[in-house]
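Summarising the annotation, Swiss-Prot assigns region 'Pyrophosphorylase' to 1-226. As annotated by Swiss-Prot, UDP-N-acetyl-alpha-D-glucosamine binding site applies to 7-10, Lys21, Gln73, 78-79, Gly140, Glu155, Asn170, Asn224, Arg329, Lys347, Tyr362, Asn373. The Mg(2+) binding site annotation in Swiss-Prot covers Asp103, Asn224 and is backed by sequence analysis. Annotation source Swiss-Prot lists region 'Linker' at 227-247. The region 'N-acetyltransferase' annotation in Swiss-Prot covers 248-450 and rests on sequence analysis. Feature annotation from Swiss-Prot assigns active site, proton acceptor to His359. Swiss-Prot lists Ala376, Asn382, Tyr383, Ala419, Arg436 with the feature acetyl-CoA binding site.
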Amino acid sequence: MLAVAVLAAGKGTRMKSNLPKVLQPLAGATLVERVLASARNLRPERRLLIVGHQAERVEQQLSAVDGLEFVLQQPQNGTGHAVQQLLDPLANFEGELLVLNGDVPLLRAETIDQLVSTHRSSGAQVTLLTARLDDPTGYGRVFADEQGAVSSIIEHRDCSEEQRRNNLTNAGIYCFNWTALAEVLPKLSTDNDQGELYLTDTVAMLTKAMHVEVADPDEVNGINNRQQLAQCETMLQERLRHHWMAEGVTFVDPASCTLSEGCQFGRDVVIEPQTHLRGRCQIGDESRLGPGSLIEDAELGRGVTVVMSVVREASVGDGVCIGPFAHLRPAAVIGNNCRIGNFVEVKKSTVGEASKVNHLSYIGDAELGASVNVGAGTITANYDGVNKHRTVIGDGSKTGANSVLVAPIQLGNKVTVAAGSTLTKNVPDGALALGRAKQLIKENWAGPQG
């Protein structure tokens, strides 16, 4: 059996934020959510999150995570003290305990799998993750033989000059035999410079220790300040882009684009510079996004073009052209082969197949049929100051430029609305609707003379 414990109680004072450090966002997810996800493939029987600073806020953020147990550490007195809080919740547990840090979000699932499998096959009481650093200053050094057996861990300040040449460091991630660990946890001492209980001290108390060296030291980078958060964002974005380029996606200027882990792309998608995808996005084959676009929690079909536009929580069919400077807001549903042009906003509306809203229009709380042509400057006036109302436009209808449709209103199929009309009443199929003042011409009118 396996239990996973994530240390998430720290204050993160160097972040200088009102938000708990483990809830800082990174490529569309919080730090601690990424850590929890990295161990998902192991299918642990128990998952425990050790909380402390702003515990209620952390618990609220993660309340939807199935099977996650919250354990309070109060006060926060070191990593050893944090794991001591598991003695009661895991009193009857037998198996391995994997200890992860809530502020180390780049750790790969494959690395964790290797750590746990090595621990199980070696018969060790503890297996720790290690990393070779170009500059190990300040890190505890791990001394081990060629078979991976750890003889000692010595803090940097206690190392001799020769020992400091060893750049194998402790990453602070462990897999323990829980029964063995539970016996030594009460023996931890605060006899150190910080007056805290260190989980590292348990390694010397256990009979057999092994280590697994991480292939990429960047995986175990911890985040303590905004600079490190930005560095991890850069590394994670590069990882995501490399993954999707290997799957057939083209990035014209990779470094200028950002993704979230929830994005999915078909083949031959092209992403132009300064394009950003957030949340859960589904992008169909041969679509072209950007330049200068934001797409968030949206579903786009095959062969969609989005140019300098914003698409949020919308569903877009195949072959749709969007932009430039269009805005699809939540609950916009655009049918196949539509055109949503420049300075058009669509909110909570359905636009039927092959319809065109080409210029300077607002479509809100509306239902447009197939092959509708919306003239430049057409507005669906959906709000009466208290309530929103719907506009329905039938198949094959067209509105002239600068028309206002005052909802609630329904236009039948193949209706024509004359330019400049303001309509307040329903229009039957095939009718021409005019709602404007009669044009007057006064000849020989020179106007006021100054």
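Each Cβ is built from the backbone N, Cα and C atoms, and glycine gets one as well.
Features per Swiss-Prot, on structure.
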| residue | record | contacts (Cβ under 8 Å, 6+ apart) |
| --- | --- | --- |
| Leu7 | UDP-N-acetyl-alpha-D-glucosamine binding site | Ile50, Thr79, Ala82, Val83, Val99, Leu100, Asn101, Gly102 |
| Lys21 | UDP-N-acetyl-alpha-D-glucosamine binding site | Gly10, Lys11, Gly12, Met15, Leu31, Gly102, Asp103, Ile223, Asn224 |
| Gly78 | UDP-N-acetyl-alpha-D-glucosamine binding site | Thr190, Gln194, Glu196, Leu197, Tyr198, Leu199 |
| Asn170 | UDP-N-acetyl-alpha-D-glucosamine binding site | Leu128, Thr130, Tyr139, Gly140, Arg141, Val142, Ile153, Thr200 |
| His359 | active site, proton acceptor | Gly341, Asn342, Phe343, Val344, Ala376, Gly377 |
| Asn382 | acetyl-CoA binding site | Gly364, Asp365, Ala366, Lys388, His389, Arg390, Thr391, Ala407 |
| Ala419 | acetyl-CoA binding site | Gly375, Gly400, Ala401, Asn402, Ser403 |
| Arg436 | acetyl-CoA binding site | Ala418, Gly420, Ser421, Thr422 |
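Between Tyr362 (UDP-N-acetyl-alpha-D-glucosamine binding site) and Tyr383 (acetyl-CoA binding site), the C-alpha separation comes to 12 Å. For the pair Ala9 (UDP-N-acetyl-alpha-D-glucosamine binding site) and Tyr383 (acetyl-CoA binding site), the C-alpha distance works out to 47 angstrom. Per-class residue totals from DSSP over the region 'Linker' (227-247), listed helix then strand then coil: 20 helix, 0 strand, 1 coil. In this structure the alpha carbons, written CA, of Arg329 (UDP-N-acetyl-alpha-D-glucosamine binding site) and Tyr383 (acetyl-CoA binding site) are 16 Å apart. Binding-site extent for acetyl-CoA: residues Ala376, Asn382, Tyr383, Ala419, Arg436, maximum pairwise Cα distance 22 Å (rounded to the nearest whole number). A C-beta separation below 8 Å, combined with a sequence spacing of at least six in one chain, links Tyr383 (acetyl-CoA binding site) to Gly364, His389.
Averaged across the region 'Linker' (227-247), pLDDT in this predicted model comes to 97. For Tyr362 (UDP-N-acetyl-alpha-D-glucosamine binding site), the Cβ neighbour count at a 10 Å cut-off comes to 20, with all displayed protein chains included. Of all the binding-site residues given, namely Ala9, Ala376, the one with the smallest number of surrounding CB atoms inside 10 A is Ala376. Arg329 (UDP-N-acetyl-alpha-D-glucosamine binding site) is surrounded by 17 other CB atoms, counting those within 10 A of its CB over all protein chains shown.
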